[in-house]
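**Student:** Structure incoming, see below.
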There are 4 protein chains.
Amino acid sequence: MIRVAVIGGSGYTGGELLRILSIHSKVEITLVTSREYAGKPISLVHPNLKGILNMNFSQLSLDKIGDKADTVFLALPHKVSLNYVPKLLEMGLQVIDLSADFRLKDPEEYKKWYGIEHPYPDLLKKSVYGLPELHYEELKGAKLIASPGCNATATILALAPVVGNGISADLKFISDVKVSSSEGGMKPREGSHHPERENAIRPYEPEGHRHAAEAEQELSLLAKKPVKVSIVPHAVSSIRGALASAHAWLNDNYDDIEIWKKIAEFYRGRKFIRIIRGGLHPYPDPKYVIGSNFADIGFAQERRIMRLTMFAAIDNLVKGAAGQAVQNFNISRGFNEDEGLRAPPLRPA
Amino acid sequence: MIRVAVIGGSGYTGGELLRILSIHSKVEITLVTSREYAGKPISLVHPNLKGILNMNFSQLSLDKIGDKADTVFLALPHKVSLNYVPKLLEMGLQVIDLSADFRLKDPEEYKKWYGIEHPYPDLLKKSVYGLPELHYEELKGAKLIASPGCNATATILALAPVVGNGISADLKFISDVKVSSSEGGMKPREGSHHPERENAIRPYEPEGHRHAAEAEQELSLLAKKPVKVSIVPHAVSSIRGALASAHAWLNDNYDDIEIWKKIAEFYRGRKFIRIIRGGLHPYPDPKYVIGSNFADIGFAQERRIMRLTMFAAIDNLVKGAAGQAVQNFNISRGFNEDEGLRAPPLRPA
Amino acid sequence: MIRVAVIGGSGYTGGELLRILSIHSKVEITLVTSREYAGKPISLVHPNLKGILNMNFSQLSLDKIGDKADTVFLALPHKVSLNYVPKLLEMGLQVIDLSADFRLKDPEEYKKWYGIEHPYPDLLKKSVYGLPELHYEELKGAKLIASPGCNATATILALAPVVGNGISADLKFISDVKVSSSEGGMKPREGSHHPERENAIRPYEPEGHRHAAEAEQELSLLAKKPVKVSIVPHAVSSIRGALASAHAWLNDNYDDIEIWKKIAEFYRGRKFIRIIRGGLHPYPDPKYVIGSNFADIGFAQERRIMRLTMFAAIDNLVKGAAGQAVQNFNISRGFNEDEGLRAPPLRPA
Amino acid sequence: MIRVAVIGGSGYTGGELLRILSIHSKVEITLVTSREYAGKPISLVHPNLKGILNMNFSQLSLDKIGDKADTVFLALPHKVSLNYVPKLLEMGLQVIDLSADFRLKDPEEYKKWYGIEHPYPDLLKKSVYGLPELHYEELKGAKLIASPGCNATATILALAPVVGNGISADLKFISDVKVSSSEGGMKPREGSHHPERENAIRPYEPEGHRHAAEAEQELSLLAKKPVKVSIVPHAVSSIRGALASAHAWLNDNYDDIEIWKKIAEFYRGRKFIRIIRGGLHPYPDPKYVIGSNFADIGFAQERRIMRLTMFAAIDNLVKGAAGQAVQNFNISRGFNEDEGLRAPPLRPA
């Protein structure tokens, strides 16, 4: 059994990690921290876990973690993770960081998008970008894993087969993402107030969304030349689920079957990728992955004008956050990739 | 491994049985029937199960079932189950029927509420009403289990501690139930059309709802005298979840702690009952049981006028249908009561 | 033209008053106050009013109001209205107060439910309870009108025909109300955070809800003997709309047509009451009154056990707040009752 | 008073026409037809109109219309309108057609997108494309008006200032539209079943959506050279509202204020256009136009890579259908452009 600590356990991502890890057969949850709720029962904040996880939140203390955990999941805000990761690594622990702090390889990019000098540029080189569909081999035995953001995950998974498998397109893409309210985290704000948020179809951060940096990094790596990606997120009414509709102008004409084959080939053997095409539900819809780690991939062409749209549907809290982190953990430890992640999607949901 | 057949696998209840049974460690799903979709992949109808259950639907043929299954789950409409149950039992199979056909012990009652003479009154005596919180012992080894309806489950679980544990009240109750759209099944109708159904707060079948018959049967049994229950369901916007608010006029005054104790005592040791009181979420809300087999029980008194409201929150497709059926199966077979049912509720959902 | 001031114009009720008054042909909006937004454009807070109401919010100053307004609508919290009403009346203005401060006739009751001694018991006698279906005549020329709360409005309108028109019932009622998120006002709270609020079916204030005081006052007046009402509100997913399901145990048996006639007779001539019975939508559903001042009234009997449920569906912000206040204003001024209130309900909505 | 007939009055668009026309001061509704509901009360199908429009549906008979109406609104499916328009015009009536049958000027285009030879190519030349923001002058006195589709309206209004006012961009655009469930009409289908439709984020018709033909026609006219538009609609959870996010790659760099000015200049004097920029709600969201004829226009640039997104938010049933048809009618008749359309948007909604 791997002893696991969850740092920052009182938010949605933390709660989702606990939901998944509580039924993971290789894991013992030994410590869950929360600054605000230290000393209080986890089920106070996460009422779904009542009767399942009978622990209290603890204060974060690095010393204690060393004694209690082999792997630490960090579900902290950006720039806060920075303070803990180096020490945890020094203590010999494995770190799976769900913040953006160790995702970008190039310190200049970090500075450009996050506004501060990265204090540990060396660690950036060592960390593995935890999108298993692209970095499976590097994840084995990894000590520091930077788990991707949800909009980046959806955008990259949608576009990787295009830039990575020889579909000839302009190398600039628009990823129009539709996101659910849980992406905004657990803290009430004016924009998350139910009467204001429900029924919204609302662009947010449509100018310079930070996940574009991750997407450009990963897709350029695959394309072996610079790729430009613009992410335009829109808040819609659902609680869970994100769909990336990544639009490309093609330089060539393809039959649908060719596109399908290139996607299937690109993702061959990847357990959590399902290719959606035809049938009653011919395109991906996050509705059908809710509660699971699946990413459903599909596409639609308008051949008349050589436009290709790639779709990727995920549950933003699972494949877009906690589930992917556990998937990364499983691969790094040599467990089955889907350990703890086998519960099928809920439906209808 | 128990070989299991699901008859009527293409509806929501059937799909939910498949979702749960597909990760049940003691079960092999050998046959899933659907009249409409025979020969077609299960994932065509249940896109959530793509990549999980790679089987086709079969035509229903009693002979084949005998060869292939030890236990049969029937997810068929009322009055259709009647045609199959006796034969399946004769063939030596265990039958877990999710329809209403074998729930009422008194054939007169069946006639009164369902409009036809019950053709197998003897079987009514033999069947066990599958509400494990009331009939745990009888379920052990049971060959015919009649799994309760969702509104009945919520109403009975809300009121059982009142009539069964000495809370002095008028023995007539109003159970005002709020139900989600999945209760109406998978077939589109005018009332289920999204623009008409979303945002509805709509009474339906408020005159003589049939689940009252089950509730009166079970609560009278507990009270050892006739209990009257009126169920008034209301369709609200959610997809999953039901809340029964069962209102009673008390004949005596109680402190809250006394009520709490009587509930706790009544449900002592029952794995899927959680008593909700105080904290950030002081009353049951189906939101926090979604995807799980929990029934959250709570109450509120207006002592000024001696009104007690008992609340029971369930996921109508799990504790209100497929999950409870699997719980019944587990108990009948001597498995852990929560086998296949350990995935925590989703949250937020 | 009547010059109108809206005090407390930045909340949902204030915004709704502005929405209605901006198209009222007999009204000129001369002043809208907001402590938080004074000096800022109204459309900053109410983006729906952009291009319609090109005014700024003002600070509240009693002197200015005297110069600028003939009628003042107060959309302030309970206990805050208390500070302004007497002075505004002294200045000769008409006051329509949407808070609870002048609704209860008996100062003892105010103390009991709101926890403080009422400082102006004389004014309680003079104020008219602004439910026009019960107090039409008194409203004519009224100088102080206390506009009812939404749950009180729905509960009273549902039960008035029972206690007021000779339907023989126990005089204690349970009004199980289903309410939308806009009832909670404009300020974000944990419980109103979209991921927590959407899909909720959540009892709130089920112990001693204050609107019961209004309902008991008004229904006792009608019955000419003490009536007991218990209100149990439940938060459901919609943004607008409230349904009261008011449950009664009858002392006699009635045909449906008799009940229908008694309701129709009771509400004869009342412009905003629609009686719903039969057809495709046989019971009231707030969906079909959204945006309008209608109250849809219906009922369902379970004659087997002499249970009657009365339903009243309203838009909580219109008939439950701002619309009713304008209706009161119209009657008090001798205008058409529906001036400014003629826009039909939206549908689908 | 203009005598108005609504042909096809039982769908959502028909109902919306009735909702608006019933409070239009220059109109008398003399006839409403429905094949399915002829002889039945309008309020049976449109429960919102109970108490407002006390008429029955009639069978469609061309002769009767001639006697009863001056203007006919046709809310019929595509290819059905074709059968009535020429005769109605011959009878001297004004026709406002909400179908697609007379929107495309070029008969070849009609054939290409709708699959049949257009039987009345001459009428195509005479009909006015009823987007008043582009064709105001032509609408005056027009006898045949082809009112645009909702996705076309949103797409064109978003992009017109780009191609029409000198913003230098590639002349191929992707309009990623998010649409509400009422766009699918009133007939229940599998995809509109509430448990399947709610929470969906679902691409539909992403290959060759027909509204692209209208958008290309209108935008090419403005640009005076061929413009390519690809429309990719996505079904999201709301009941009303559509947002077009129209993505463009710029050939030049602009300050935000320049873009803003070009939009403002382009739409100067257009009553139903509101430009949204900055403040609490910095981009258009259909939430704030619900129930009204407004189109809210905004934009976001990612200057780093010269991507411009233009947003247009409308209520799909009002500015996207019935409201725009009435706006066209008003202009054609010389009435105030906003007659019958002055009710502010609902909020929250």
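Any Cβ shown, glycine's included, is placed from N, Cα and C.
What TrEMBL lists as domain 'Semialdehyde dehydrogenase NAD-binding' is D:3-142. Summarising the annotation, TrEMBL assigns NADP(+) binding site to D:Ser10, D:Gly11, D:Tyr12, D:Thr13, D:Asn316. Look at TrEMBL and you will find D:Cys150 tagged as active site.
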**Student:** Around D:Cys150 (active site), which of the listed binding-site residues (D:Ser10, D:Gly11, D:Tyr12, D:Thr13, D:Asn316) come within 10 Å, judging by Cα atoms?
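**Tutor:** Passing the 10 Å Cα cut: D:Asn316.
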**Student:** With every protein chain in view, what's the tally of Cβ atoms within 10 Å of the Cβ of D:Asn316 (NADP(+) binding site), excluding that atom itself?
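**Tutor:** Around D:Asn316 (NADP(+) binding site), other Cβ atoms within 10 Å: 29.
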**Student:** Under 8 Å Cβ-Cβ to chain C, which of the recorded positions D:Ser10, D:Gly11, D:Thr13, D:Cys150, D:Asn316?
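**Tutor:** From D:Ser10, D:Gly11, D:Thr13, D:Cys150, D:Asn316, none lies near chain C.
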**Student:** Take the domain 'Semialdehyde dehydrogenase NAD-binding' (D:3-142) and count its residues per DSSP category (helix H/G/I, strand E/B, coil), listing them in that order.
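**Tutor:** With helix first, then strand, then coil, the domain 'Semialdehyde dehydrogenase NAD-binding' (D:3-142) has 55 helix, 25 strand, 60 coil.
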**Student:** Across the domain 'Semialdehyde dehydrogenase NAD-binding' (D:3-142), what does the mean pLDDT come to, as a whole number?
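**Tutor:** Reported value for the domain 'Semialdehyde dehydrogenase NAD-binding' (D:3-142) is a mean pLDDT of 97.
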**Student:** Within the chain of D:Thr13 (NADP(+) binding site), which residues six or more apart in sequence place their C-beta under 8 angstroms from its C-beta?
**Tutor:** D:Ala75, D:Leu98, D:Leu317, D:Ala321, D:Ala322
**Student:** Express in Å, rounded to the nearest integer, the largest CA to CA distance found among the NADP(+)-binding residues D:Ser10, D:Gly11, D:Tyr12, D:Thr13, D:Asn316 named in the record.
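**Tutor:** Overall maximum Cα spacing for these binding residues reaches 17 Å.
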**Student:** In sequence order, which residues at least six apart in the same chain have a CB under 8 Å from the CB of D:Tyr12 (NADP(+) binding site)?
**Tutor:** D:Ser182, D:Gly185, D:Met186, D:Leu317
**Student:** If I restrict to non-local contacts, at least six residues apart, and a C-beta distance under 8 angstroms, what lies near D:Ser10 (NADP(+) binding site) in its own chain?
**Tutor:** D:Ser34, D:Glu36, D:Tyr37, D:Val45, D:His46, D:Phe57, D:Met186
**Student:** Check each of D:Ser10, D:Gly11, D:Tyr12, D:Thr13, D:Cys150, D:Asn316 (the recorded positions) against chain B and write down, in sequence order, those whose C-beta lies under 8 A from a C-beta there; write 'none' if there are none.
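**Tutor:** Answer, by Cβ distance to chain B: D:Tyr12.
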**Student:** Enumerate same-chain residues with a sequence separation of six or more from D:Gly11 (NADP(+) binding site) and a Cβ-Cβ distance below 8 A; give 'none' if the list is empty.
**Tutor:** D:Ala75, D:Gly185, D:Met186
